[in-house]
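S.K.: Okay, handing you the structure first.
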Amino acid sequence: MMRRILGQLANPQLLALAGVLLINWLLFPNFFRITWQDGRLFGSLIDVLNRGAPVAILAIGMVGVIATKGVDLSVGAVMAMAGAVAATLVVAGYPAPIAVAAALTVGLLCGLWNGFLVAVLDIQPIVATLVLMVAGRGIAQLITQGFIVTFNDPVLIFIGTGSFLGLPMAAVIAIVLLVIVTLLVRKTALGLFIEAVGVNRAAASLAGIRSRMLLLYVYGLSGLCAAIAGIIVAGDIRGADANNAGLWLELDAILAVVIGGTSLLGGRFSVPLAVVGAIIIQAMNTGILVSGFPPEFNLIVKAGLIFLVLIIQSPLAGRLFPARLRPVQEARK
Amino acid sequence: MSIITKLALAASLATALSSAALAQDISGKVVGFSQIGSESGWRAAETSVTRQEAEARGVDLKFADAQQKQENQIKAIRGFIAQGVDAILVAPVVATGWDEVLTEAKEAEIPVVLLDRGVDAPEDLYLTSVASDQVEEGRVAGQWLVDTVGAEDCKVVELQGTVGSTPAINRKQGFEEAIAGHDNITIARSQTGDFTRSKGKEVMEGFIKAENGGADICAVYAHNDDMAVGAIQAIKDAGLKPGTDILVVSIDAVPDIFTAIAAGEANATVELTPNMAGPAFDVLAAYWADGTEPEKFIITESKLYTSADDPAGEYERRKDLGY
C-alpha cells in the first residue's frame, strides 16, 4: 500500500512540479514562506494556487474533450463572454446569483454549440471550436461595448478574491470541481466511455455507447468550466475586460492537459494530473515574477522549462524509469 | 528649465493657440477624418473628442472608420478627395505605403494632418502631424516621483507594457531619464504586465512577495493606468495602503484612475490626451487664414494629474468619452 502511494507520487508530473518549485526556492528563498494575514493565507505558494486556478478549471473541462480526440479552442473567448455577461448584468442592477447563473448558462450553451458542431455535424473539433474562439470574443466586446465594465458587487468580488478556510476562493472552486469531475469519471463508467470514444468512435458506437450524447456532455462541461473561470477572472479585477480576459488561455489549458500526460490523440486521460499540469505552468509564471529576470526572458525561460517537462515524460525517458514509475499511458499498456 | 515652467509654458502656448483659433472662424469647413478603428478605449475617446472639437468649431466632420485596414483608409481618403473636402485628418494604421494617396491629396490641394502616429513619406506630402511624446510621458511620471520623494531612499517597481512595444520602450526610457542622477531612487524590479489589469495585479502580487511583503517598495510605476488599477488591488490584498504605503504613478489618464486618485489610492497619472484634433484644427485655421505653414511635428502636452487636480471632476468629464 505504502509502496503504491510512493509509486504514484513518483510520476513525472509531480517530479516536474517538485523540480519547478525547487528552482523557485533556489531563486527566491522565501518562496515557501506562508503567513496568516487578514484571515487568509498569504505567500507565493498561495499565489500559485490562486493564479493557477483559472487554467486548472479550464484544464478540468479540456481534459475530457481531448480524451475524445477533440480540442476546445473557444474556452478563452467563452471566459470573456461569461465575464462580460456577469459584469453587465450586475451593473444593470440584477442580483449577483442571477448574473452568475446567466454567465454559467451562456458557457454551457457555448459548450453545447461546440458539441453540436462536432457530434452532430461531424466538423473537426479544431475548426468547430475555432468559430467560437473568434466570434466569442467579438460577442464579448459587443456585450461590454468595448469598455472595461467595472463593478462593485460583493458576491462577484468574493468569487474572484475572497477566501474560504484561508484558501483563495478560486483555488477552493478548482478543488471542488476537481473532486466532482474525478468522481464522476472514475466512479462511474463515464470515464471509460470517454476513453472508448477517443480511441475509436465508430467502434465505441457499435459497442453501444451513445457517442453523440457523450460528446455533447464533454463539450458542455468544457464550456461550463470556461464560464466559471471567466467569472473568477472578472471578479478578481472587479471588471470584465473583453479584450484581454482569457486571451490565449486555451493554449495554456491544452498545455496543462498535455503536461498531465493525456495524449492529443485521445484515449487515456487523468483529470488530477491535468490540474497538476496547470499548477506547474503557474509555478513557472510566479517563479519568473519573483526571481527578478528581465521580462525579455519570460517566454524563453518558460519554453525551456516546458521542453524539459515534456522530455521527462516522453516515451524514451519512460523506458529509463522502472515500470511502476512510468507515465500513465506507458505503464498501463 | 524645471518641469513646472515647461508645463506653464506649454499651457500658455496652448491658450495662445486656442485663442488664435477662436479669432479665425473655420465654421462651415468640411473636414474628412479617417480613423483606424476602435480597438482601445483611448481610440474611442479620440473619436468622440474629435467630433466634439469639430462641433465646437462648426466644422462639418466626415468620419470614416477603417477597421484596422490600410486599404480602407486609402479608400476613405480617395473618397474625401472626390468629395472635395477642405482638409483631411488621418490616424494612420501603419507607417508605410502612403506616398501615392498623399500625393493625390496634395495635387488636389487638400491639406492633410496626421494624428497620433507618423508615416514614412516625404514631409511635403502632409501639412503637419500631431502626436504625443511617449518618452516625455515617462519623464513627467519620473519627475513627479523625484519631486515627491525628495532626498528619501525609494525603491521603485515597474510594470512594463507589452515587451517590445513602442510605448513600453519609450515610457521606460523617459522614466529612467528622469530619475537618472537621483541615486536615492532605484528601479528594484521590472516586469511586463502586458498593459492589462489582471496581469498588472498578478505581477504586483509577485513583487510584493519578493520585496519583503511590500514593506521595501516605495512606489510603483505602471506604463498604463489599467495595470496600475490592478496593482492597487494587489497592494490592498496584501494589507497595505496604496497611495500611502506604496505610491502609485501611471500614464494615460483614463477615467478609472481618477476614481482611484479621488479615493487616495493612486497618486498621479500623466495624460495621453485624446485631443489630437483640437491642435490639428488650430493649425488648419491658421493655414486657411494666411497660409501659415506649421511645424512638421506638433507634440501634445503630457499633463500631470494628481489629487490636487479635481480627480472626481476629471472622472465625470471623461467617463462618457468611450474609454
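All positions are counted from 1 along the displayed chain.
Each Cβ is built from the backbone N, Cα and C atoms, and glycine gets one as well.
According to TrEMBL, the protein has these features:
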type	residues	note
TRANSMEM	A:12-28	transmembrane segment
TRANSMEM	A:48-66	transmembrane segment
TRANSMEM	A:73-92	transmembrane segment
TRANSMEM	A:98-120	transmembrane segment
TRANSMEM	A:127-149	transmembrane segment
TRANSMEM	A:155-185	transmembrane segment
TRANSMEM	A:214-235	transmembrane segment
TRANSMEM	A:247-266	transmembrane segment
TRANSMEM	A:273-293	transmembrane segment
TRANSMEM	A:299-317	transmembrane segment
S.K.: Hey, which of A:155-185, A:214-235, A:247-266, A:299-317 has the most Cβ-Cβ pairs under 8 Å against the transmembrane segment (A:12-28)?
M.R.: A:299-317
S.K.: So, taking each listed stretch (A:73-92, A:98-120, A:214-235, A:247-266, A:273-293) in turn and counting its Cβ pairs to the transmembrane segment (A:155-185) that are under 8 angstroms, which one gives the highest count?
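M.R.: Ranked by Cβ pairs under 8 Å, first place goes to A:214-235.
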S.K.: Are the transmembrane segment (A:214-235) and the transmembrane segment (A:73-92) near each other by the rule of at least 3 C-beta pairs under 8 angstroms (pairs 6 or more apart)?
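M.R.: Yes; at least 3 Cβ pairs under 8 Å.
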S.K.: For the transmembrane segment (A:247-266), could you work out the same-chain residues 6 or more beyond its ends whose Cβ comes under 8 Å from its Cβ atoms?
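M.R.: Beyond its ends, the transmembrane segment (A:247-266) has Cβ neighbours at 11-13, 16, 54-56, 58-59, 61-63, 66-76, 79-80, 133, 195, 197-199, 229, 273-278, 280-281, 306, 309-310, 313, 327-329.
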